[in-house]
Amino acid sequence: MAQSSDNNSLMAQAAKEALVAAAVSFGLFILYVGIETYQDINNALVWRTRWGLLAVFVVIAAVSRFLVVGFIKPHLDKRKRDKAKAGIPEVSDGKNFFQRNFLKIALIGLLIYPPLSVMLAGTQGSLKYVDNFGIQILIYVMLAWGLNIVVGLAGLLDLGYVAFYAVGAYSYALLSQQFGLSFWVLLPLSGILAAFWGVILGFPVLRLRGDYLAIVTLAFGEIIRLVLINWTAVTKGTFGISGIPKASFFGIWSFDVGAANNFTKAWGLSMSSAYYKIFLFYLILALCMLTAYVTIKLRRMPIGRAWEALREDEIACRSLGINTVTTKLTAFAIGAMIGGFAGAFFATRQGFVSPESFVFLESAVILAIVVLGGMGSLTGIAIAAIVMVGGTELLREMEFLKHVFGPDFTPELYRMLLFGLAMIVVMVFKPRGFVGSREPTAFLKERKAVAGSFTKEGHG
Amino acid sequence: MSVEPLLKVQGVQTFYGNIRALDGVDVHVNRGEIVSLIGANGAGKSTLMMTICGSPQARHGSIIFDGEDITQQPTHLIARRRIAQSPEGRRIFPRMTVYENLQMGAGLDKMKHFDEDVEKIFTLFPRLKERQSQRGGTLSGGEQQMLSIGRALMSRPKLLLLDEPSLGLAPLIVKGIFEAIKKLNEEEGLTVFLVEQNAFAALRLSHRAYVMVNGKVTMTGTGRELLTNPEVRAAYLEGGRH
């Protein structure tokens, strides 16, 4: 009896809150969803109403609120209570096969991904999966892993990371066109040039931390972009640089259609750009693996340890004899170098670069991926990149939504809205990112189960 | 004084902007001594400690360590001369494990003596051994202090600077930490320069001590002398003794 009256009052509560949510969303959306302005044939600004779309928004808000208050929250509370009652924390031994071998499975999955998509979607059909999803996501994985060295490990908040991406891309684009150098010569060179700019940025900001550092790096990113726009003699300004040479298969086979040693001709395959994309997929995968390897290795070396110590406490670092100047500069340089590699890859993949690709939003997206993934965690960041970049790519595929919201509905436009929503959801439920705990890199004799899973930072 | 002291601070003046925090301080520490510096809040005790470490640097005067002038050296080079510090507020690395924190202290010698030294720290502070794979930030205040001292000792220092090791700790734990310092001094001849507000405990531990008021050293003597000195008793011990 008591149970059912409890339930009734809960449902009443949920219904009440749903009505409030509906009212709030009605008020919020009435002006910019309910009313649309456009130009008519005489160039006059007129408006029309979109009550249907507004109704959809309001209903979504009301129903979600009802579900959250009526079902999800009681369920979570109950689980929390049960856990507290049981009193025993989940022991990490209970991992299943999938969890233990997650990384190996993921790597194998990535390796067979291109042939699999060729098999399932055909040579031409695989382009979408390999290029739009695979390569696009992996570029962001690499960029986020590079930024992770600066932000996640060394704790230096860098809002202008895209500048190094731009330096790498333009280095490859300009040097390959001016001097005809091949991709394999210019890839390391782009990285070195980006690292050089990383050090240039590093010097003036050595004494800055936190907010101040963020503002200066933000400005640096914009400066690079503005130089690219305005130095038209070299960069062709907003027109960008087109016709950037493709990468070759280590100089053995070319992917240029006219070349004598064309890859498809040499192997007797039908003409398709899919093979080049598949080659690029493996190339960026290898670059990502290199980044991961370098990060993991560096974390175990004194310099990586010094980065992490620097993030935790700069004064303690100095009192232990760590030179904070070189430590910061190496973090900037190595982070920038990885950004430069990714930039060179981006340039050869697109065949076209323009300052449009290196706006602040890109820096923000990369930083968001690092934060969502959990600063310092490679796995978490990779997952975040898949969700954020893959998710926005997926929106382009959501044609069926047009049947729900009407033919004017373009899902891509809601990208940023969903991006923000995803960030809020992750920050509410996992404030430290998908993988929030730092994995120690040294143990006395064996790993103890108590290490991190029972404890949280900031307590005790 | 026939033997040159290990640390010699002469006429040091330190400024924060235009404010003079140290006003001509003369202090010396001989090899194998425990010397403490007592004084009220804001007397400049911690400033002297930080000045020895080069952050901030002294504007006037000189600091001689082991026969060399370190007054104008940057902090990390001073640390490499084997002046180890357990700074005020302990400043351990909260997201690193106890074990990793200790490794950070051994970085100067590229971990050459690490295994040997870490055993020594674990015998000195058995609590740290129990908690070696726990994150620094999850330790209690006393354990963090032990870790801070342990981390400083990992560099095999010639001089150990301790800034308020008793701050915010229970009396029983303070006693344990002070006993450990005494043991290190007696068995290994470690030279210790100690800044304390807990004057009673510090004076009992020390061979010699300085009293600091408003950026100046006003009194000096052996620990026992100062303990029985009526002025010191009135200012720092009676009523201040918990």
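Positions of Cβ are set from backbone N, Cα and C atoms, glycine also.
Quick look at what TrEMBL annotates:
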- A:18-35: transmembrane segment (TRANSMEM)
- A:51-72: transmembrane segment (TRANSMEM)
- A:102-121: transmembrane segment (TRANSMEM)
- A:133-151: transmembrane segment (TRANSMEM)
- A:156-175: transmembrane segment (TRANSMEM)
- A:181-205: transmembrane segment (TRANSMEM)
- A:212-233: transmembrane segment (TRANSMEM)
- A:274-296: transmembrane segment (TRANSMEM)
- A:329-347: transmembrane segment (TRANSMEM)
- A:359-392: transmembrane segment (TRANSMEM)
- A:413-429: transmembrane segment (TRANSMEM)
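Note on the transmembrane segment (A:156-175): residues 143, 146-147, 150, 181, 183, 186-187, 189-191, 193-194, 197-198, 201, 209-211, 213-215, 217-225, 228, 234-235, 241, 244, 328, 331-332, 335-337, 339-344, 346-348, 353, 355, 357-360, 362-364, 366-367 of its chain, located 6 or more positions outside it, place their CB under 8 angstroms from a CB of the stretch. Among the recorded stretches A:102-121, A:133-151, A:274-296, A:359-392, the one sharing the largest number of Cβ pairs closer than 8 Å with the transmembrane segment (A:212-233) is A:359-392. Using the rule of three or more Cβ pairs under 8 Å, pairs at least 6 apart in sequence, the transmembrane segment (A:329-347) is in contact with the transmembrane segment (A:181-205). Listed as Cβ neighbours of the transmembrane segment (A:274-296) (distance under 8 Å, sequence separation of 6 or more from its ends, same chain) are residues 110-111, 113-114, 118, 123-124, 126-127, 130-131, 134-135, 138-139, 141-142, 145-146, 148-149, 153, 246-247, 249, 255, 263-264, 334, 338, 341-342, 345, 348-349, 378.
Here the transmembrane segment (A:102-121) has Cβ contacts under 8 Å with residues 128-130, 134, 274, 278, 281-282, 285, 379, 382 of the same chain, all six or more residues outside its ends.
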